[in-house]
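These features come from TrEMBL:
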| type | residues | note |
| --- | --- | --- |
| DOMAIN | 668-760 | domain 'DYW' |
| REPEAT | 64-98 | repeat 'PPR' |
| REPEAT | 192-222 | repeat 'PPR' |
| REPEAT | 223-257 | repeat 'PPR' |
| REPEAT | 325-359 | repeat 'PPR' |
| REPEAT | 427-457 | repeat 'PPR' |
| REPEAT | 458-492 | repeat 'PPR' |
| REPEAT | 590-624 | repeat 'PPR' |
Amino acid sequence: MSHLGSVACKVTNLKHLTQLHANLIQNSLHHHSYWVALLLTHCTRLHAPLAYTHLIFNSLPCPDGYVFTSMLRYYSQLGAHSEVVSLFKQMQYCGIRPAGTFVYPVLIKLAGEACIVFHAQVVKLGHFQDRYIRNAIMDMYAKYGPVKFARKLFDEMPERTLADWNSMISGYWKWGDEVEARRLFDVMPEWNIVTWTSMVTGYAKKGDLESARRYFDEMPEKSVVSWNAMLSGYAQNGFAEKALRLFDDMINAGVQPNETTWVTVISSLSLHGDPCLADSLVRTLDQKKIHLNCFVKTALLDMYAKCGNLETAHRIFDELGVYRNSITWNAMISAYTRVGDLTSARELFDKMPEKNVVSWNSLIAGYAQNGQSAMAIELFKDMTATKDLKPDEVTMVSVFSACGHLGALKLGNWVVNILNENHIKLSISGYNSLIFMYSRCGSVEDANRVFQEMETRDVVSYNTLIAGFATHGHGMEAIELMSKMKGEGIEPDRVTFIGVLTACSHAGLLEEGWKVFKSIQAPAVDHYACMIDLLGRVGELDEARKLIESMPIKPHAGVYGSLLNASRIHKRVELGELAASKLFELEPYNSGNYILLSNIYASAGRWEDVERVRGKMRKVGVKKTTGWSWVEYKGEIHKFIVGDRMHERSDDIYGLLSELGRKMRRNGYMADKSCVLRDVEEEEKEEMVGTHSEKLAICFALLVSEVGAVIRVVKNLRVCWDCHTAIKIISNLEGREIIVRDNNRFHHFSNGLCSCKDYW
């Protein structure tokens with residue numbers, strides 16, 4: 001036995017260990033707990049292979065507390081945390097306690113929010129005075145809450161280590177309590193690098209980069225982690241150039257960057273979007289022979305994608321091969337959606353071995369941001385049908401946007417139900433998206449309700465609701481909201497004034513509009529465009545022309561577009577020609593301008609000029625944009641174009657349209673054929689205007705909706721005069737409120753009247 005003890009003391013490598021093991025087998029001691037525990041201790045010290053260590057542990061049919069403890073130490077040293085928990089449960093099942101307290105800090109950290117179970121157990125076993133256990137429990141309360149429990153433990157400590165102070169400071173930063181974090185820092189008996197770094201990280205995450213930099217500069221000694229904390233602060237708050245300058249300082253200070261540093265710096269370059277800087281960094285990586293792990297390569301992939309070099313990004317993606325993770329896939333999907341290549345993005349998405357919420361969000365946002373709102377909603381439906389996957393706020397913001405662009409209120413309400421069912425909390429940005437959705441879906445009342453329920457609002461909150469009021473023609477409400485905004489200490493910006501002036505225009509509030517316009521210190525060209533539109537609405541076209549001529553800045557297409565539309569409404573041919581000539585220079589391929597001028601000529605009976613304008617369109621290669629109208633029914637979007645007979649209920653739609661036509665004519669309606677080409681037969685003219693997409697959409701809605709229900713229609717172009725007149729009569733005949741959103745504003749038709757007062 002003594003010679004075995006001598007051999008055991010001389011074990012310095014795995015070969016010695018296997019020799020000792022062989023000696024124990026020869027002496028039939030390999031089933032004794034003492035020797036098995038000793039072998040496992042050596043396995044831990046020498047980092048023995050897992051399979052060999054398992055073999056030793058499993059050689060004992062009934063391990064005692066020392067053997068279990070030795071195996072726990074091995075797992076703990078290996079970082080095999082799940083095995084630590086599993087083995088501890090096995091010990092509990094056998095009624096065996098670990099020899100020593102070292103395992104409890106590991107278990108407490110792994111337990112996370114459930115650490116209260118171990119808190120009670122260590123108190124019961126009398127281990128709570130162990131400083132490592134005590135710190136682990138306090139650290140968990142500081143991370144997961146309630147932080148007051150952590151503070152209670154901290155205050156009750158007879159002696160506090162630096163680790164205790166640091167855990168408490170980090171905890172306060174985690175819960176956003178800057179005051180307590182700073183107070184503890186100020187009363188600490190001493191600080192170390194961890195303490196200083198916690199302060200830098202805390203202020204950086206709070207967005208107070210000035211304070212973060214002050215603490216960073218005051219550090220007596222900095223580690224690479226400290227540098228990374230400050231670099232991340234700049235990068236995550238959008239200060240790419242400052243991050244890059246700090247990185248230069250780090251190199252000049254002789255600090256060796258680690259992989260986290262490189263990922264942070266590369267991410268900063270991604271925000272910067274400068275291909276030259278990106279190439280310069282890659283050369284530096286090559287010169288310094290930096291090992292590029294999958295995280296660094298993924299950051300490089302994202303950087304190249306954001307710099308517009310998708311070819312290199314995809315090459316890195318291919319190089320990663322089996323080392324691709326979800327972050328890599330998501331970065332590549334986002335890269336394709338960013339340039340509008342939704343086909344490639346979808347192909348990658350479908351090939352992903354495992355999708356997480358970011359994967360779904362990337363593609364949903366890609367569809368929403370590239371005008372594919374219906375696809376965004378369909379993908380969201382697929383996401384909600386996926387087990388073990390919940391949408392988050394990012395998902396909801398994209399889907400709210402998609403519903404808003406489609407004007408799909410029922411779908412929007414369904415999405416809100418999903419939000420509530422999953423208990424998703426919205427930030428200010430999320431609530432702003434919800435206000436946008438309701439406004440664009442024609443329910444400004446719901447938009448206002450959401451706004452009023454918000455505890456905190458920012459300038460975007462006000463601007464979004466003001467824009468909603470504007471598109472619905474609620475001028476006074478928009479003006480009052482801007483006053484409230486100022487009363488809450490939020491200064492109106494350029495977008496605010498555009499919204500309020502648009503609201504004044506749609507409501508015909510000339511005096512109030514002038515007052516708002518004159519209150520702007522330096523009106524932008526968009527503000528002038530709104531004012532021209534307002535003057536045009538009230539018939540002050542000569543005043544509008546004078547305002548354009550007096551502008552201190554060059555007018556853009558929006559200015560002349562407002563004048564052209566006003567000329568159409570008020571039949572001012574000469575001003576229409578002036579505005580159109582400017583528009584043909586500024587945006588020669590916008591078909592809407594040609595159509596408006598053509599309609600002005602047609603209304604005046606100047607058919608040769610109509611032909612001339614249409615000939616110019618053909619010469620330039622401009623095609624009239626196809627008019628679409630759509631309505632929502634049973635979670636689907638039903639689209640129609642002029643004369644559309646592709647819908648499954650076309651016969652019913654045209655039957656109802658014919659019936660309504662007879663009723664309308666009995667009520668004095670005559671189709672406005674003034675803008676239809678002269679060489680078309682009268683009967684054909686009536687059919688052309690009579691089967692416009694919005695009329696077909698309304699007839700479909702009348703067929704499928706309940707009696708008295710509000711009908712909501714969205715059109716991608718401006719509603720024509722004939723349809724506007726017809727819808728007013730239909731609203732009266734059918735006793736329905738019909739809400740139509742065209743590309744300019746909302747029209748609320750009810751009892752034979754429209755909210756736009758026949759100006760749009």
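The backbone N, Cα and C atoms fix where each Cβ goes, and this holds for glycine too.
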Requested in this report: Please average pLDDT over the domain 'DYW' (668-760) for the predicted structure.
Outcome: 84
Report summary line: Per the Cβ under 8 Å criterion, with at least 6 residues separating them from its ends, the repeat 'PPR' (325-359) contacts 294-295, 297-298, 301-302, 305-306, 308, 310, 313-314, 317, 365-367, 369-370, 372, 375, 389-392, 394-395
Report summary line: Per the Cβ filter (under 8 Å) with a sequence gap of at least 6 from its ends, the repeat 'PPR' (427-457) is approached by 393, 396-397, 400-401, 403-405, 407-409, 412, 416, 464-465, 467-469, 471-472, 474, 488, 490, 712, 739, 741, 746
